[in-house]
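Asker: My structure is below; once you've seen it, I'll send some questions.
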2 protein chains.
Amino acid sequence: MIDIRSLVLVVNCGSSSVKFGVFAGTGREPLLSALAENLGQPESRLVVKEKGEKTEISLDGGSHDVALQKLLGILDQKGWLSSVVAVGHRMVHGGERFTASTLVTDEILREMDALSNLAPLHNPANILGVRTAMAALPNVPHAAVFDTAFHTTMPQAAFTYAVPQDCYRNLGVRRYGFHGTSHRFVAAEAIELLGLDPNDHGLVIAHLGNGASATAVLNGKSVDTSMGFTPLEGLVMGTRSGDIDPGALFHIAREDGLTIDELDTLLNRKSGLLGLSGLSNDCRTLENAEKEGHEGAKLALDVFVHRLARYIGGLATSLDRLDAVIFTGGIGENSATMRQRTIDRLAVLGLKLDAETNGQMFGGRCGVITSKDSKAAAAVIATNEEWMIAHDTLEAVATSTAA
Amino acid sequence: MIDIRSLVLVVNCGSSSVKFGVFAGTGREPLLSALAENLGQPESRLVVKEKGEKTEISLDGGSHDVALQKLLGILDQKGWLSSVVAVGHRMVHGGERFTASTLVTDEILREMDALSNLAPLHNPANILGVRTAMAALPNVPHAAVFDTAFHTTMPQAAFTYAVPQDCYRNLGVRRYGFHGTSHRFVAAEAIELLGLDPNDHGLVIAHLGNGASATAVLNGKSVDTSMGFTPLEGLVMGTRSGDIDPGALFHIAREDGLTIDELDTLLNRKSGLLGLSGLSNDCRTLENAEKEGHEGAKLALDVFVHRLARYIGGLATSLDRLDAVIFTGGIGENSATMRQRTIDRLAVLGLKLDAETNGQMFGGRCGVITSKDSKAAAAVIATNEEWMIAHDTLEAVATSTAA
Ligand SMILES: Nc1ncnc2c1ncn2[C@@H]1O[C@H](COP(=O)(O)OP(=O)(O)O)[C@@H](O)[C@H]1O
Ligand SMILES: Nc1ncnc2c1ncn2[C@@H]1O[C@H](COP(=O)(O)OP(=O)(O)O)[C@@H](O)[C@H]1O
């Protein structure tokens, strides 16, 4: 048990933004959180949230280091800075090298650098965050928590693409999977909620946010997942296409004369719910528009549900038995409609919705949403990646201190 | 009932090859079949097969028209030519326009031409076959039977990719599905074999040959399928990759400096079982190599099975109830091992193999391969696309004569 005198700072560093969270003890909500945006641009700013109150601070065009210094200044004013005992960093890609969270050393930093070619958009920014924070807080341990680590238990048949295996050996092309910290947290929560045997269970977890992925969890281990070499594969997402016939890409590229970079932008930024609806990447907006008769919104939500149910059925074949389907992420935690439409397509797996309890789960409420006679359960569980990072960080520190 | 005095010639025309079949009456085996290969090259030849005997005839560098004239000469010698009452043509792509087999007219030919941009490798060759045969046999009706037609019943949510819908409206980018003639034939056979209600059943059919696809059939209609805009998407095939993260393609293209055409060749011709094993695209060869300890062969077969089971589970979510999984095509009809490995992964759908009957199904034998207490059945059914084309052709003729 940790009290307010030992705080963990959680850092999630992107190319032009950083998210911070300050966690104390076993408390699952951050004492304080902050989001730095538009970094390196004139309008850069830090929005700090504490006990529901928001304060906005200009960063005067400053970048990541300025944002971190400003945040540390705030912690100092509160008398918290000296209580920060560790910093936990979210890393998108740990490749095959990182199978668990780890304390950062110079050697580890070099290894993380070497993985940057696998995630050129994400890892360099993550690493910048680590280096900046290590410079500012050199006397506390820093830990790296990887989005991919939970999926390193996938069997080879699940992670291998049917391309010449030189692509794997020389270019690292395989399924890695992402959202691992969320799937791991939710899997552990599901065992508690449903009273499952930690060594004998089968789950499919659907993390449905702006990014979306589903994972088959067998006895606590990821055995298959919908995201692939990058977070583009799989489900329909806010602006990402998920699966598409490669032959369709070749056709689009030839007919419209697109380069690889333009195709990349098309699929990562202009597709998904946004591309389908022609309206918005936001599920809630689309649900409202659908009610008012917007056809694009209806199509977007229908395709989202079709693909999601197809994946849940597909991933379940990596289990001996399906105990439960778990919904998490912004859409999974809040949209009773999308859960209902998905479960209505899971009759072959024996799922039967309880419409009443389903309607009650939103805004962080967790529980079972299937009827008593449903062959497998479905449940809503609120994810908490940031707390999981704080937790892993303390565990990595404890392990290294013990050794 | 048709006797030997009314024959149907079935033509399947590729860019450098043509397959012929001559069908009589309700007989499901062709009286005669022939394969013309290497057309337009010095070594072009026609191999004719009748009652198990093969005869090889040089075409002296001739092309499609020479092959057809040679075949018609053989039919003439046998006194069969005047009995040919119709010609049936296999067409790969019928787009959204062709929802059923149809008699060919000039107007229909123009419409088929207009679809060639959707299948630039296949349709022009198919159309060439139609024009050549119409010139040689101008006095009999010609029918076109489309690989895509069976799948035109798919709901919009199943055929829509999550890309900007301009790609659909302007470029025709959607899931079409292929192997439809085989899936349709096998679905009808399955209803007979299993005694199902034609208006109330749910099947997943796995057509596993050099090309491979799986289809969900609800009450006689295709409701979802694994192949997409082109026959590249979906299952692992002989030389085709099936599904892959588009992000992995972008990575390969950038790292190896590949063009779109080179990527296309990589995924269509160098991937699948061949790319995975580094040995062969042929399932039987790989099964033998695996027994002798070849690791690439084992990986190829494992990935094939993993993907296939994942698709069967995924497609089943488009059904209210799964009555049976049907195996067909060269691998599906002959490989007890691959069927067993697949069914072993379908426990969540309630499938239980009967190893003994499974071992007995090969070389055209059809039957149920699951145990009495299996919740859903699995069965082997031999496909017969060519006979189906002959059948459709006679039906199209009968319908037009009646009208
Ligand atoms: N009540 C709601 N009904 C439907 N969708 C919701 C609701 N609340 C949030 N969402 C959706 O959740 C998504 C954002 O999920 P979130 O997990 O916050 O995203 P991120 O992946 O960025 O963390 C958006 O599409 C949003 O519309
Ligand atoms: N006894 C067998 N065991 C395993 N695989 C077999 C067997 N017989 C045929 N096959 C496989 O079937 C595939 C060819 O299937 P087929 O339906 O004839 O192909 P196509 O799609 O070209 O019509 C090959 O991979 C071949 O190895």
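Glycine is treated like the rest: Cβ placed from N, Cα and C.
Residues or ranges marked as active site, proton donor/acceptor by TrEMBL: B:Asp147. Residues or ranges marked as Mg(2+) binding site by TrEMBL: B:Asn12, B:Glu385. Feature annotation from TrEMBL assigns ATP binding site to B:Lys19, B:His207, B:Leu208, B:Gly209, B:Asn210, B:Gly211, B:Asp282, B:Cys283, B:Arg284, B:Gly330, B:Ile331, B:Gly332, B:Glu333, B:Asn334. Taken from TrEMBL, the feature substrate binding site covers B:Arg90. Per TrEMBL, the feature site 'Transition state stabilizer' maps to B:His179, B:Arg240.
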Asker: Out of the recorded positions listed (B:Lys19, B:Arg90, B:Asp147, B:Arg240, B:Ile331, B:Glu333), which are within 10 Å of B:Asn12 (Mg(2+) binding site), Cα to Cα?
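Answerer: Close recorded positions: B:Lys19, B:Arg90.
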Asker: Highest CB neighbour count within 10 A among the recorded positions B:Asp147, B:Asp282, B:Glu333, B:Glu385?
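Answerer: Neighbour-count leader: B:Asp147.
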Asker: Out of B:Arg90, B:His179, B:Arg240, which of these recorded positions is nearest B:Glu333 (ATP binding site) by C-alpha distance?
Answerer: B:His179
Asker: DSSP on B:Asp282 (ATP binding site), three-state: which is it?
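Answerer: Coil, per DSSP.
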Asker: Can you give me the Cα-Cα distance between B:Asp282 (ATP binding site) and B:Arg90 (substrate binding site) in Å, rounded to a whole number?
Answerer: 24
Asker: B:Ile331 (ATP binding site) has how many other Cβ neighbours within 10 Å of its own Cβ?
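Answerer: There are 25 such Cβ atoms around B:Ile331 (ATP binding site).
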Asker: Rounded to an integer, what is the Cα-Cα distance in Å between B:Arg90 (substrate binding site) and B:His179 (site 'Transition state stabilizer')?
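Answerer: So the alpha carbons of B:Arg90 (substrate binding site) and B:His179 (site 'Transition state stabilizer') sit roughly 11 Å from each other.
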Asker: So if I measure Cβ to Cβ from B:His179 (site 'Transition state stabilizer') and keep only same-chain residues at least 6 apart in sequence, which ones fall under 8 Å?
Answerer: B:Asp147, B:His207, B:Gly211, B:Ser213, B:Thr215, B:Met227, B:Pro231
Asker: Within 10 Å of the Cβ of B:Leu208 (ATP binding site), how many other Cβ atoms can be counted across all chains shown?
Answerer: 26
Asker: Taking DSSP as the reference, which of helix, strand or coil describes B:Arg240 (site 'Transition state stabilizer')?
Answerer: coil
Asker: B:Leu208 (ATP binding site) to B:Arg240 (site 'Transition state stabilizer'): how many Å between their Cα atoms?
Answerer: 13
Asker: Just jot down the residues in the same chain as B:Arg240 (site 'Transition state stabilizer'), at least 6 apart in sequence, with C-beta under 8 A of its C-beta; none if empty.
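Answerer: Listed in sequence order: B:Gly211, B:Pro231, B:Leu232, B:Leu267, B:Asn268, B:Arg269, B:Ser271, B:Gly272.
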Asker: Could you give the Cα-Cα distance between B:Arg284 (ATP binding site) and B:Glu385 (Mg(2+) binding site), in whole Å?
Answerer: 22
Asker: Which ones in the same chain are close to B:Asn210 (ATP binding site), with CB under 8 Å and 6+ residues apart in sequence?
Answerer: B:Met237, B:Gly238, B:Thr239, B:Asn281, B:Gly330
Asker: In Å, rounded, how far does the Cα of B:Glu385 (Mg(2+) binding site) sit from the Cα of B:Lys19 (ATP binding site)?
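Answerer: For B:Glu385 (Mg(2+) binding site) versus B:Lys19 (ATP binding site), the Cα atoms are 12 Å apart.
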Asker: Within a 10 Å radius of its Cβ, which of these binding-site residues (B:Lys19, B:Arg90, B:Arg284) has the fewest neighbouring Cβ atoms?
Answerer: B:Arg284
Asker: What does DSSP call B:Arg90 (substrate binding site) in the simple three-state scheme?
Answerer: strand
